[in-house]
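Chemist: The structure's right below; bear with me while I get my questions together.
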There are 6 protein chains.
Amino acid sequence: MTFESRPSGRAVDQLRALRLTRHYTKHAEGSVLIECGDTKVICTASIEEKVPGFLKGKGQGWMTAEYGMLPRSTHSRMDREAAKGKQSGRTQEIQRLIGRSLRAAFDLQAFGERTLHLDCDVIQADGGTRTASITGAMVAAYDAFSKLVERGLLPAVPVRHFVAAISVGVYQGMPVLDLDYVEDSACDTDMNVIMTEAGHFVEVQGTAEGAAFDRAAMNRLLDLAEGGIRDLIALQKQALGLAG
Amino acid sequence: MTFESRPSGRAVDQLRALRLTRHYTKHAEGSVLIECGDTKVICTASIEEKVPGFLKGKGQGWMTAEYGMLPRSTHSRMDREAAKGKQSGRTQEIQRLIGRSLRAAFDLQAFGERTLHLDCDVIQADGGTRTASITGAMVAAYDAFSKLVERGLLPAVPVRHFVAAISVGVYQGMPVLDLDYVEDSACDTDMNVIMTEAGHFVEVQGTAEGAAFDRAAMNRLLDLAEGGIRDLIALQKQALGLAG
Amino acid sequence: MTFESRPSGRAVDQLRALRLTRHYTKHAEGSVLIECGDTKVICTASIEEKVPGFLKGKGQGWMTAEYGMLPRSTHSRMDREAAKGKQSGRTQEIQRLIGRSLRAAFDLQAFGERTLHLDCDVIQADGGTRTASITGAMVAAYDAFSKLVERGLLPAVPVRHFVAAISVGVYQGMPVLDLDYVEDSACDTDMNVIMTEAGHFVEVQGTAEGAAFDRAAMNRLLDLAEGGIRDLIALQKQALGLAG
Amino acid sequence: MTFESRPSGRAVDQLRALRLTRHYTKHAEGSVLIECGDTKVICTASIEEKVPGFLKGKGQGWMTAEYGMLPRSTHSRMDREAAKGKQSGRTQEIQRLIGRSLRAAFDLQAFGERTLHLDCDVIQADGGTRTASITGAMVAAYDAFSKLVERGLLPAVPVRHFVAAISVGVYQGMPVLDLDYVEDSACDTDMNVIMTEAGHFVEVQGTAEGAAFDRAAMNRLLDLAEGGIRDLIALQKQALGLAG
Amino acid sequence: MTFESRPSGRAVDQLRALRLTRHYTKHAEGSVLIECGDTKVICTASIEEKVPGFLKGKGQGWMTAEYGMLPRSTHSRMDREAAKGKQSGRTQEIQRLIGRSLRAAFDLQAFGERTLHLDCDVIQADGGTRTASITGAMVAAYDAFSKLVERGLLPAVPVRHFVAAISVGVYQGMPVLDLDYVEDSACDTDMNVIMTEAGHFVEVQGTAEGAAFDRAAMNRLLDLAEGGIRDLIALQKQALGLAG
Amino acid sequence: MTFESRPSGRAVDQLRALRLTRHYTKHAEGSVLIECGDTKVICTASIEEKVPGFLKGKGQGWMTAEYGMLPRSTHSRMDREAAKGKQSGRTQEIQRLIGRSLRAAFDLQAFGERTLHLDCDVIQADGGTRTASITGAMVAAYDAFSKLVERGLLPAVPVRHFVAAISVGVYQGMPVLDLDYVEDSACDTDMNVIMTEAGHFVEVQGTAEGAAFDRAAMNRLLDLAEGGIRDLIALQKQALGLAG
């Protein structure tokens, strides 16, 4: 199949409209609704005043993530994982990825024996829920740490560098940025890229669902991702009222 | 303790502000965000073209409900039930209650061998999540059945009577309507009432958490509930654009 | 359908024959076989010299209940919950109800950091197993506390007021007391009432399985329950050798 | 330690008092309360009109067993397996043993594509619950098959030979028959023997919990078991009204 | 069916070729590959410097075993127990047997508050996997204790007596030693015998899968087992470089 | 830290010694022991004559993988997943990766409604178990398909292209090929690359456990991986007796 245009009419290097709503719910220390086009994820950051057993007494903190989808966030209803009594392999893979990405963004040594729990719950899915979760959780975590600063418990938000995440893929032979569900279902290669504001990689996960891809395609995909992530991080900072 | 006033300043028979947002998410046949004060629940209704095994071949439909809370919908973070691998007794009790209430509202004989799955997911909790779930699910279910009517698959929405639900309780010795979290935590008696538009009971569940209550108190609570439910059903119909 | 008579020939306000056998098994601190007609439940009360984590150091006690049915206590064999690896929603709902009811009967402040475990195991079911469990567990708990008094560990049995439980329902349009299985399967409205000796409510749980019920029906049902519970509490006290 | 006498005062080859109460509960096709001294087990046999998948279409029947203990059947309360969400290794081992023993007693070819479910629930434990379960389940199964004969569905009870079970052990150096709890806890060697009326072995399970035992001890234990089982089978037949 | 010869051509009292490979894997304190004909089991012994809760502070050690089969160790692929989320009754029965047998071989009082974990993993099955596991685990445990002696943590390997295990059975009416899969599937009676070097029994588990067996058959089977175990223990000692 | 040399003394682009032993166990259609240095994995391929439900009737085949580690394959003993009752997130992530990689290697349309189950069980771990599993499973799958060809059930092995997998990482600032456990524990960036014989990517999964990595580092790592995989595929073909 030859590429003519994207189903959404977007340019190949165009992100979907992004909206970050802070303080979305009232109980969590950080709470962000992230909307990437029709993909909507509630990201909350909750602070717990202790660390898991393997870190007790080491004077450092921990960050961990959980991910879920509401049963009817998807086209056809999925079984509820709580009712089935177990999380799928996909869910576990995603929450491990979110956790690693966020731990790379903050300095675990700098916020004491505390755990930051990141909960990313998809209320509407249209492709890219794992990358939206990371991009949104970055902002929620920043807000939660700001609370600790406000309360005089930390001197500063212990951020090492901002991170954001985006998917790229080869759709009808054409590398494109920020796949929506229609593109995702049809594309041969799908890559999730998590990157810092300096353009360094935190995670790269590329999968050839159809034809394997060569180094040239990979380079083009990484270029697209780099551009997208630069924009996402600018939007995160703007939402937080930080100078870009 | 003697009653002076409600923490929220509401009159004893005053509901919290109610907001029903239809078509809240895009995939479900019915999707409603219900907000009762600070309590917020996403209620979706999904149609499946088959019935559970025990009803196969009987020519009737079924309605069933699931309930969940996002981990940080509450003051302090709760463990995620999907991660723990089981639903709590409280969750199961609530989803059974929602299911029974909605099955009382619709005519199961009148919509063929279909199952309506009601998912009630609390995104922010401030008391009354189970009653808000029922009130919201009523609207979501109505919308889902309307879809079947639009598609020509049903002649009319198979509603027997509207139902809504509300909590009442004795707070500092005073019977009050629609408890919020502060009142709920402090009250002696807590009753959930599910009622039809004709003022008939579908469910009554009263619990004396402190002192047992007498018949006079019960009667006063039921009066309050009856008034509240009349108002809720009017709001449901208004949201659906139906003549009251 | 018009009411003619109850299948059992009982008057509408007539309890089934009740038998309470104390010291039914030898290991438990309290052990009662309760027989309500053909419904038979073994209720044991076991004392543990510690409390759950959330009460540690608060100087008070706790009471908790578990409920089970032998696989062939019922007309057709049910799957064993231990083999299935989980308790049903119904089981959890019932054991939560038993626990709340018994905690209302005793003064948790008055027996130190101890837990009373109530186990209610149905060996034959013919309707009303949850209410029989509560009525029997009251006696078993009393016996267990008496053991602590005998051993000089408590000055008196820490009872606040006796509680008993009974079901009432609308059978063929007629409100009746103490439903057996045949009536229970056929009735429209089913209500479980847990009440103190003073006639105050501890729990009321009414469900309209068919037609919703109005306030007049509810009042008649509560009158029936009140009479039945007065009799049950007299029988509990007589079994315990207490002056009525 | 040298043997002086058994704690119960019984002779070394003396069984505990045995009582078999048939028709103990009313729903099961076979229902027996077996009491061996203070050990009490309810054994029910339930007929299901189908076989497990691996036997479908083979024209033969199946027998299977489940075993449980009420939480306070024992000296100190055990956790309920249904609440823990799994059966212990001990439970599974015992129910496999009961199933094999009963399948050896009946002719699986002779009762069609039916399953007999044997449920053995211990209501009071004082040693020997697994052997009491087998001895009692033999009678319950016989009764259940008799029901099928009465209904004209089988020409005769498809018994191959009666089986019964007993424990033997070395207590203070002395081989003794039918261990109660006190002896069982203190003995070095414990053997469960399941035997037919012809004195043939169906199962032998001997364990040296302390010192290993030699062939002479084994022979003496098997002699004791053989005598005990002859008596048990006579009592089974007498309870069933069969000529010994 | 009359016995003519064993499928393998072995004499009735002939063991399969036995091979014990010590130090089979590099991390475990003891690691043995045992091959009995085509049955191959990896037995590792791991030392943990603590005991289970019920033994804390008692100054003694503990030994416990786990058993597993690789999914394709068998003729047709079995489901993986880790994927099914539970161990079968058979697995649990076997690992309890291995644990009891090894605890009988060593002096639990003599190696301090340590736990020896025995893991027996079948990589190829051809009958007799549980007995091979015991025979191999004996050597692995011996090696692990030797490590503690080498490190100066124990004065000597705390062995009470060597144990080994073998199956015997009645194949086509003939008692035979060390059943392989073909014989095992076809035989009427199957007995697993665990014995010390002194010829004393640690465990005897005999099952009549077809016809029950009499005392004469049992005696012949025990004779065969005794001979086989004498040979196995000689091979264990030879592998360990100990004087027989 | 500045790079001086690899702990193993290997050149930066040098693979560990690889050994592929075909027909390692006798029951599976394909069975390979792969040894990469001290990492040893048994890979079996089992053919099942049906497909999962979602593929029924579509005329194509399926390949799926499971992964496990023996409890003492690692430095300190890990809990057995079957005993814990669930597979870890890491396990699920790995078996999903193996499955995707192998499905990319073969033509699912070309072998009918069959499922190939790949089981990769680590018996000794020293880094790189997931990549060794993929490289070994490729050979096992090839052997299993060859069996179908031999039996006349397939015209040819339905291979699209060979795949192999290797890890690369940045150790003390130096990109190196094929990390062993010591390097893996100490390195900042770890990348697993699965590639075809044509040098095209099937999967790329890079993680910065410490410092994020830039594009130059990534390119150097991919170069190393490409060289390693070329060698691995040559060794796979040589083991299978195929012209390189």
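Note that the numbers count up from 1, one per residue, in the order the chain is shown.
Glycine is treated like the rest: Cβ placed from N, Cα and C.
Residues or ranges marked as phosphate binding site in TrEMBL: E:Arg90, E:Gly128, E:Thr129, E:Arg130. According to TrEMBL, the feature domain 'Exoribonuclease phosphorolytic' maps to E:14-144, E:161-226.
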Chemist: Within the domain 'Exoribonuclease phosphorolytic' (E:14-144), how many residues are helix, strand or coil going by DSSP?
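Modeler: Result for the domain 'Exoribonuclease phosphorolytic' (E:14-144), in helix, strand, coil order: 43 helix, 41 strand, 47 coil.
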Chemist: Please list, in sequence order, the residues in the chain of E:Thr129 (phosphate binding site) that are at least six apart in sequence and whose C-beta is under 8 Å away from its C-beta.
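Modeler: Spatial neighbours, sequence-distant, of E:Thr129 (phosphate binding site): E:Thr39, E:Val41, E:Met69, E:Ile94, E:Val122.
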Chemist: With every protein chain in view, how many other Cβ atoms are within 10 Å of the Cβ of E:Gly128 (phosphate binding site)?
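Modeler: For E:Gly128 (phosphate binding site), the 10 Å Cβ neighbour count is 24.
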Chemist: Would you list the other residues of this chain near phosphate - those whose C-beta lies within 8 angstroms of the C-beta centroid of E:Arg90, E:Gly128, E:Thr129, E:Arg130 - in sequence order?
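Modeler: The answer, listed by sequence position, is E:Tyr67, E:Ile94, E:Val122, E:Ala125, E:Gly127, E:Thr131, E:Ala132, E:Ser133.
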Chemist: If I restrict to non-local contacts, at least six residues apart, and a C-beta distance under 8 angstroms, what lies near E:Arg130 (phosphate binding site) in its own chain?
Modeler: E:Tyr67, E:Ile94, E:Leu97, E:Ile98, E:Ala165, E:Asn192
Chemist: Using only the residues recorded as binding phosphate (E:Arg90, E:Gly128, E:Thr129, E:Arg130), report the maximum Cα-Cα distance in Å, whole number please.
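Modeler: Roughly 13 Å, rounded to the nearest whole number.
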